[in-house]
C-alpha cells in the first residue's frame with residue numbers, strides 16, 4: 001500500500017482521509033501531507049481530518065541479538081511506553097489500540113491487548129490485532145483512521161511488532177493429533193495403545209516458512225525472479241543496497257532518526273540504535289553467493305533485508321481533538337489505497353500499482369511529492385518497481401493505463417536509508433515509513449509525502465501526509 | 001514399464017505435440033565474445049530425402065565456423081520458437097524410406113552429426129524451453145551441458161517406443177551413461193514425459209531456470225531471453241573452466257553405477273527387464289526388445305558395436321508393420337484433435353452436467369480442470385456427494401503425484417457447483433446429461449432442461465446405445481441435440497464419440513467437438529444409429545465371447561487368449577468392467593435393431609447373471625470376484641452352475657486358440673466395415689482411432705481397418721467364410737470387405 005501524508009496546515013479545511021480495500025491481496029500506498037505553502041487543499045467536506053501526533057519505535061535489531069530472549073509483547077510494550085513518555089498523552093484519553101503482527105506468538109494471539117496492559121494503558125481501552133504480512137502496521141494505522149473517520153473514536157494508538165528471534169515451531173500434524181486424542185483417552189490401556197502408534201516421523205517438527213501459501217515460493221526466490229523479469233543486474237542490486245546502508249549510516253550519525261526511543265532490555269544494556277546498518281564495499285558484496293536461485297541468481301544476503309526484531313507505535317487523532325489537547329500534529333494522513341495482484345509473478349510489485357492510484361485519488365502528480373518512502377524488501381524488488389513505474393509497456397499491458405506514471409527521482413527517494421539497512425521487523429515497518437516521511441518532510445520543508453510497501457500475498461499501499 | 005498401457009495411454013498425450021521436424025534450420029544468431037548462439041529457427045518441412053543431408057551439412061558448416069573462429073569459445077543451442085526446443089524427427093522422412101537400409105543410413109547420419117557435437121573442443125550448451133522429444137533429446141544429451149526452463153511445457157522424452165521405434169541418433173548409447181541403466185530403460189521403454197524438475201533430479205539436465213513473470217516484455221519473451229543469458233553465462237564458465245560439466249552424483253547413483261559395472265549384475269538387469277517387457281507386450285511389440293538389445297550391444301561390446309546395432313535396429317523397426325500401425329494411430333490422433341466443423345459461434349464457458357454418477361462426475365472433472373465453469377446436478381444429495389467426492393479424489397490424486405499443488409486443486413474446484421435444482425441453468429452454454437440409460441428418463445430431463453436453458457444452449461446426451469434421434473424426438477429444437485459418448489473412467493479414457501443426427505446443426509457439432517477437444521479428448525464424429533460405432537462393434541464380439549464361454553472355455557482362458565492377441569483387457573474382464581446389466585441392455589437393444597447378425601451366445605446367460613446379482617466389478621461379483629485390496633482375483637465359482645446350464649457342444653474345427661481369437665476379431669472387424677459401408681463412420685481413420693482408444697483394439701494392429709490392410713482383406717474374408725460355414729450368417733462378410741477382397745490393390749490406408 002501507499003500512504004499519502006500532508007503536512008499540517010494552519011487553516012482547517014483540508015481533505016479527508018479515505019480508504020478502500022481492493023481485494024484481499026493488497027499493497028498500500030499512503031499519502032502524508034505537512035504544513036501549508038499549500039498549493040492544493042486535500043480536504044474533503046464532511047470527513048474529519050486525521051493527524052499523526054507522534055510516532056516512535058524501539059531500535060530495530062538483527063534477530064538473535066539483544067532482544068533474543070524477549071517475547072513479542074515485550075517489544076510492543078517498550079514501543080507503547082516510549083510513545084506515552086514522548087507524548088505524555090493521558091492513558092484514559094486513548095479510545096482504542098490496534099497492533100499488527102505477522103508471525104504470531106500463540107500465547108499472545110491478541111498481542112495488542114497483552115502489550116497495552118503491560119505498558120500501563122487503561123484496562124478499559126479495547127485492543128485488537130491485525131495481520132497483513134509486511135504491511136500489518138499500515139493496516140493497523142488505516143484501521144485507526146477508519147475508526148476516527150467513522151466517528152467511533154478520537155484517539156487511536158496503532159503500531160506493529162515482530163520478533164524473528166523466536167518463532168513458533170510445531171509438532172507434526174500426526175503428533176498433534178495423537179496428543180489431542182491422548183487427552184481424551186480414559187484408561188491406561190487406551191493411552192498405551194495410542195502411544196504405541198507413535199513413529200519416528202511423528203517427531204519431525206513443522207517450521208513456519210517464509211513462503212507464499214498459494215505458490216509455495218519463498219519471498220527471496222520470488223524477488224530473484226522479479227529482478228530477472230525486469231533484467232535488474234546483480235551489480236545494480238548491490239549498488240542500491242550499498243546506497244541504502246550509506247544513507248542510513250548518515251541519517252543515524254546525523255541524528256535524523258527521530259522516531260527511535262531507547263529500550264532498556266531486562267538483564268542487558270539499554271539499546272539506543274539500530275544495529276543492522278553496515279555499509280560495506282562493492283567488492284565484499286560481490287563475493288557473496290546467491291541465496292535463493294542457486295548458483296546463478298542475483299539476490300544475496302547483502303542485497304536483501306535481514307531478519308529483524310522490533311516494534312513501533314503511532315498516536316493518531318482527529319485534528320480537532322489534537323488541537324484541543326494542545327498538540328502540534330506532525331502530519332495529516334490524507335489518503336491511502338490498497339491494491340492486489342497475481343501472487344506468483346507480481347508478488348512484490350504493489351507500489352507500482354498503488355502509487356498512480358493514490359495520486360489520482362488525491363488529485364496530485366508525482367511532481368507534487370517531496371518525499372518518497374518505499375519499503376525495501378529486496379534491492380531487486382525496489383529496482384524492479386522503479387523500472388515498472390518507468391515502463392509504458394508495463395503500464396499499458398498490466399495496469400490498464402495509457403502511459404507510465406514515472407519513477408520517483410532518487411534524490412527524494414528513501415534518503416535516510418530503508419528496510420535493507422535499518423531492518424525489517426515485518427509488522428513494525430509501516431509506522432517507521434510514515435514517521436520517517438513526516439520527519440523528512442519537516443526537515444526538507446516539503447508538503448506531500450508518499451509511502452509505499454509491498455506485502456506477501458501481493459499487497460502494497462500508500463500514504464499522503466505532512 | 002507398463003508398456004501396453006503406455007502405448008494406449010500415453011500415445012495420445014504427448015505425441016500430439018510432436019511437431020514433425022528433425023533438425024530445424026539453424027543459423028548463428030549472435031556472435032558473442034565468449035559464446036556463439038545457435039538459434040534453432042522455426043521448423044520448416046523440406047522435401048524428404050534431402051532433409052538429413054541438407055541439414056546435417058548446414059549444421060556441420062556452423063560447427064566448423066564455430067571451431068574455426070578464435071573469438072568463439074563456446075556455443076549455446078537455443079530454439080527461437082516458443083514452446084518447442086526440438087519435438088522430434090520428421091516422420092515423413094522415415095516413412096518415405098523404402099528399405100530398412102535407407103532408414104539405417106538416416107540414423108547413421110544423425111549419429112555422426114551428434115558425435116561431432118559431443119566431441120567438440122568448444123563446449124556446447126543446450127538451452128531447453130518447451131518440448132524436447134526424440135531426436136531433440138538426443139541432440140540435447142550430445143551437448144556438454146543442459147539448462148531447461150522449469151515450466152509445464154518443458155518436457156523431455158524419448159517417445160520413439162510408442163511409434164514402434166527406438167532412439168536412433170545415439171540415444172540408446174548415451175542415456176545409460178548419463179542417467180544409469182535402470183533409469184535409461186525406464187525412459188526409453190515407457191517413452192513417458194519427464195518434467196524439467198524431475199529431469200534435473202535424474203541428471204538429465206544440469207540446471208533449471210524458473211519461468212519469469214511480466215517485466216518490460218511479455219513473460220514468455222523475457223523467459224527465453226533469460227534462459228539465453230543464463231546459458232551464455234554457463235557456456236562462458238565452461239570455456240574458461242570456472243564451471244564443471246561433471247555432475248556430482250548422489251550416493252544411490254554411485255552405488256547403482258558401481259553395480260552396473262559388474263557384468264553379472266548387468267545381465268540380471270537385462271533379464272529382469274526383458275521378462276517384464278515380454279510379459280507386458282506378449283511379444284507383440286518388437287521395439288522394446290530391440291531397445292534392450294541395442295543398449296546391451298553398446299555396454300557389452302563397445303562403442304562401435306553399440307552404434308551399429310542402434311542404426312541397424314532402427315532401420316529394421318521402421319519397416320515393421322507394428323511401427324506402421326502405431327505411426328498410423330499417431331497420425332489419426334492428430335487428425336482427431338482438429339475441429340473439422342470450425343469454430344462454434346458461441347464458445348462454451350458454462351457447462352451443466354446432469355447426473356453425478358461415475359460418468360457425470362468424470363465429465364465434470366475433465367471440464368473443471370480445463371477452466372470450464374461446471375454445474376453438477378443430481379436428484380439426490382447422496383448421489384451428488386458421491387459425485388463431488390469423485391471429482392475431488394481425481395484432482396487430489398494429481399496433488400499426491402505432485403502434478404498439481406493443493407492450491408491449484410482448490411482453485412480448480414471453485415469452478416464446480418454441486419446442486420439438486422436447475423438454478424443457474426439459464427447461463428449454461430451446454431448441458432450434458434449422463435442420467436440412467438432409459439429413454440423415458442432421458443425424455444423427462446430433456447423436457448425439464450429445455451424449459452430452463454437459453455436458446456443457444458446445446459443439449460448433449462451421454463449414452464452408449466440409445467439412438468440420439470429417438471432422444472431428440474421430444475425436443476423443441478432438435479438441431480441443438482447431439483450425442484456425446486464418453487468412456488469410463490472418463491478422466492483416463494481418451495476417446496469421445498460424438499453422434500450427430502440428420503437434424504443436428506453444424507454449429508452444434510462444432511460446439512460439441514470444441515468442448516471435447518478442450519477436455520483433452522480425441523474426438524471421432526459418427527452418424528446416429530443403434531450403438532453408433534463403438535458399441536455396435538463391441539456387440540457382435542461380446543456375443544461371440546458368450547458363445548465361446550458356453551462352449552466350455554473358462555473366463556480365465558478367454559482373457560488369456562484375448563490379451564495374447566493384443567487387447568489390453570481380457571474379453572471376460574471387459575464384460576465385468578462394463579457391467580453385465582448394461583451389457584444385457586445393450587445386447588437386447590442391438591439384437592432388436594440388427595437381428596440375427598448380433599446373435600451367437602445366449603442372452604439368457606447374461607439375464608441369469610443379473611438375476612443372481614453377478615453384475616460385474618461394481619457389484620463385486622461377475623465372472624470374477626472383486627475384493628478391495630486384493631489384486632489376484634479369483635473366478636466366481638457361482639458361475640459354474642450358470643455356465644453348465646447354458647453349455648453348448650464345442651465345434652473342434654473352429655476351437656483352437658487361434659480360431660477363437662479370429663472369431664472374436666473377425667466379427668468386430670466385419671461390423672466396423674459395415675459401419676463404414678453404411679456411412680455411420682465417415683473415414684477408416686476415425687474407425688481405427690475409435691476402436692483402439694475407446695475399445696482397446698490392439699494398438700499394435702493399428703485398428704480394424706489397418707488390420708484388414710495388413711492381414712489382407714481376402715484372407716480375412718476366407719476366415720469369415722470358414723466360420724460362416726459352421727455358425728451361419730453372423731459371420732457373413734459385408735459387401736465392403738468383399739469388394740476389398742476382390743481387389744488386392746484396394747487399401748483403407750494408402
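Positions of Cβ are set from backbone N, Cα and C atoms, glycine also.
Feature annotations, courtesy of TrEMBL:
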ACT_SITE  B:497  active site, for hydroxyacyl-coenzyme A dehydrogenase activity
DOMAIN    B:351-528  domain '3-hydroxyacyl-CoA dehydrogenase NAD binding'
DOMAIN    B:531-626  domain '3-hydroxyacyl-CoA dehydrogenase C-terminal'
SITE      B:138  site 'Important for long-chain enoyl-CoA hydratase activity'
SITE      B:160  site 'Important for long-chain enoyl-CoA hydratase activity'
SITE      B:485  site 'Important for hydroxyacyl-coenzyme A dehydrogenase activity'
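Everything TrEMBL records as a feature, shown here on the structure.
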residue	record	contacts (Cβ under 8 Å, 6+ apart)
B:138	site 'Important for long-chain enoyl-CoA hydratase activity'	B:110, B:114, B:158, B:167, B:169, B:170, B:171, B:174
B:160	site 'Important for long-chain enoyl-CoA hydratase activity'	B:134, B:166, B:167, B:168, B:171, B:188, B:191, B:287
B:485	site 'Important for hydroxyacyl-coenzyme A dehydrogenase activity'	B:462, B:463, B:464, B:496, B:497, B:498, B:499, B:532, B:534, B:535
Restricting to the domain '3-hydroxyacyl-CoA dehydrogenase C-terminal' (B:531-626), report the mean pLDDT as a whole number.
91
When DSSP states are grouped into helix, strand and coil, how many residues of the domain '3-hydroxyacyl-CoA dehydrogenase C-terminal' (B:531-626) land in each?
68 helix, 4 strand, 24 coil
According to DSSP, which of helix, strand or coil covers residue B:138 (site 'Important for long-chain enoyl-CoA hydratase activity')?
helix
Give the number of CB atoms, excluding that of the residue listed as 'active site, for hydroxyacyl-coenzyme A dehydrogenase activity' itself, located within 10 Å of its CB.
26
